[in-house]
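S.K.: Starting off with a structure, shown below.
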Amino acid sequence: MNPTALMIMLLSLAIGTTMALVSHHWLLAWIGLEINTLAIIPLMTKTPHPRAIEAATKYFLTQASASALILFSATMNAWKTGEWSITLLSDPYTITLSMALMMKLGLAPLHFWLPEVIQGIPLSTGLILSTWQKIAPMTLLLQISHLTDLNLLITMGLASILVGGWGGINQTQLRKIMAFSSIGHLGWMMLILKFNPQLTLFNFLLYITMTAAMFFSLMSISSTKISEISSSWPKSPILVTTMMLVLLSLAGLPPLTGFSPKLLIILELVKQNTLLLASVTMLASLLALFFYLRLTYVMILTLPPHIPPSSTHWRMTKNSPLAATLTTLALLIFPLSPTFLLIM
C-alpha cells in the first residue's frame, strides 16, 4: 500500500477512536465509530484477494447494521428524554444500544462475523481489528455500564466464554483461534462489567497487551496455520518459547499476566454471592485452556522431521522493540496487578 494512503488510514483510525473516547454526545460517538469502520476497510483489502474482499464486505455490513441500531436508539432516546448525553438513557434503548455495541465487539451470539473476517485479512490488519477497533465500543459500554441490564450482560458473557472455548477447539487456522480467543476474553469482561467496571477496564488493557504480543510474534515468523508453527522451533527457539508463554498467559495460567484478571474476576463474582456463575465460568474456561495447551504442545513438544541443518534466520522478519516490550508485559505484570488497580 502507498505509504501516504497508509498514513491517512492509520490517522483516521486514531481520530475516529479519539472522537468516540472524548465525546459526551451520542451523535459524535457514532461519527467516531463510523470513521473507525471506514478507515480499516482499505487496510483489509490492501491485498486484493477474493477472501480479503469477502472479509471486508462482511465487516462493513455487520458494522453498518450495528451503527444503524446505535443511531436509531440514540435518536429515539433523544426524542424521549430531550438529551443526547451518553450517560442519560431511558429504559428500552439501553438494551438496544448495549446489543449494538456488543455486536461491534463481536460478542456471542452476535459473533459470527469475527472469525470469518479475521481469517480473511492479513495478520497486521487482524492485530488492529482485535485490539484498536475494540477500544471505542468498549469505552462506550463502560460509560453506560451502570444502566445496562445485568441479565443481558451475564447471558452474553457466559455465551461468549462457551463459544470462545468451543469454537477454537477444532481450528487449525491461527487467526481463527485468535478470533475465538478474543470472543472468550470479551465474555469475561462482560460478566464483571456491571459489578466492577474498573476491573473490566483492567482486563481489557491486559487483553490488548497479550493479544498484540501474540500477533506480533506470529507476524515475525509469518505463520497462519498450526502446521507452520510446528516447524518454527528451528527458526528461533527463543521467540517460540516466548510465544508459548504468551499463549499460556492468554489461557490464564499462574504466575503469568493473564492469570491476574481471571483471579480478580472470580473473586469479585464470589464477593457478589454469585457462586454458581463463578463455578460455571471456571468450568467453561477449561475449553479454551484445551486449545491453548494444544498449540503449546505443537510448538514446543513436537519436532518436525528433516530439519535443515543450515541457519534459517532469512525466513523471519525482524522483531521490533515494541513486540519485545509487549511480550514482556504479557508475561510479567501479575505481581504488579495491585499497583495498576490502585492507579486506575
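For all residues, glycine too, the Cβ spot is worked out from N, Cα and C.
Features from TrEMBL:
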- 1-20: signal peptide (SIGNAL)
- 23-287: domain 'NADH:quinone oxidoreductase/Mrp antiporter transmembrane' (DOMAIN)
- 150-169: transmembrane segment (TRANSMEM)
- 199-218: transmembrane segment (TRANSMEM)
- 238-256: transmembrane segment (TRANSMEM)
- 276-301: transmembrane segment (TRANSMEM)
- 289-341: domain 'NADH dehydrogenase subunit 2 C-terminal' (DOMAIN)
- 322-343: transmembrane segment (TRANSMEM)
S.K.: Please figure out which one of 150-169, 199-218, 276-301, 322-343 racks up the most CB pairs under 8 Å against the transmembrane segment (238-256).
M.R.: 276-301
S.K.: So what's the average pLDDT for the domain 'NADH dehydrogenase subunit 2 C-terminal' (289-341)?
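M.R.: Mean model confidence (pLDDT) across the domain 'NADH dehydrogenase subunit 2 C-terminal' (289-341) is 75.
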S.K.: Please figure out which one of 150-169, 199-218, 322-343 racks up the most CB pairs under 8 Å against the transmembrane segment (276-301).
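M.R.: It is 150-169, which has the most Cβ pairs under 8 Å.
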